[in-house]
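Peer 1: Shown below is the structure under consideration.
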Amino acid sequence: MTERQWPNILITGTPGTGKTTHAAQLVEALQGAPSTSSAQWQHVNVGDFVKEKGCHSGFNEEWQSWDVDEDKLLDELELVQQAGAKVLDWHTCDLFPERWIDLVVVLRCDHQQLWNRLEKRGYQMNKIQENNEAEIMEVILNDARESYAPEIVVELQSETPEQMEQNLERILSWVEAWRSNRAEDDDDEEEEP
Ligand code: DAT
């Protein structure tokens, strides 16, 4: 059983599905809810973290992204995830050890809407096409299902603000349930002779 007093949540999905928006609002909601506000919730945008900590071997002009040094990233994140109460936000989900993560949220979006979001963001055509195809082929969802126990992977739609609201409520309820189970486990351990 994990030693963490609070869970770590991974929000993943194809770029543009709403990871960063969800993660930022989720942390705000968790900080504001009486049942979860005693933890030091932190949004870890892994893309920004890679840049800040220099966990890369340079900028890839063709794909307009950093070439991630995975070993360095894992070493740096190992320290961060230990305390729990982290909301990790990244488009890759199969890199992290299973023991780090208690819930994997895979955000999904209609591919036409995703195309529009990425176009608006100014992505190059090769990047838009690649991501659009990945969303249609459910690449991230399949990676998540292959990398984590099925019961901790949830697929949530992220096309409207109403859906986002519902998603946040659902995750908050899940955190509350995780805490209750954790408290029960602690009680059981204390009762053992
Ligand atoms: P990601 O972090 O996955 O790349 P984002 O959080 O930056 O995505 O969101 C991309 C854009 O889409 C941004 O303008 C916000 C919008 N968006 C995301 N999820 C949404 C939702 N459920 N309803 C409406 N707009 C959404």
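Using the three backbone atoms N, Cα and C, a Cβ is placed for every residue, glycine included.
Note: TrEMBL annotation is automatic and uncurated.
These figures come from a predicted structure and were not determined experimentally.
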Peer 1: Say TrEMBL lists Gly16, Gly18, Lys19, Thr20, Thr21 as binding ATP: which of Arg121, Arg145, Arg170 is in the same site, per that record?
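Peer 2: TrEMBL names Arg121 for this ATP site.
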Peer 1: Which is it, of 120-130, 153-163, that TrEMBL names as region 'LID'?
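Peer 2: Within the set 120-130, 153-163, TrEMBL attaches region 'LID' to 120-130.
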Peer 1: Where else in the chain does the region 'LID' (120-130) make close Cβ contacts, counting only residues six or more beyond its ends and a cut-off under 8 Å?
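Peer 2: Apart from its flanks, the region 'LID' (120-130) reaches 15-16, 62-64.
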Peer 1: To which of the binding-site residues Lys19, Arg121 does the lowest count of other Cβ atoms within 10 Å belong?
Peer 2: Arg121
Peer 1: Taking the center of the Cβ atoms of Gly16, Gly18, Lys19, Thr20, Thr21, Arg121 at the recorded ATP site, which other residues in this chain have a Cβ no more than 8 Å from that point?
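Peer 2: The answer, listed by sequence position, is Pro15, Thr17, His22, Arg117.
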Peer 1: Could you list the residues of the same chain, at least six apart in sequence, whose Cβ is under 8 A from the Cβ of Thr21 (ATP binding site)?
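Peer 2: For Thr21 (ATP binding site), the qualifying residues are Met164.
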Peer 1: How many other Cβ atoms sit within 10 Å of the Cβ of Gly16 (ATP binding site)?
Peer 2: 25
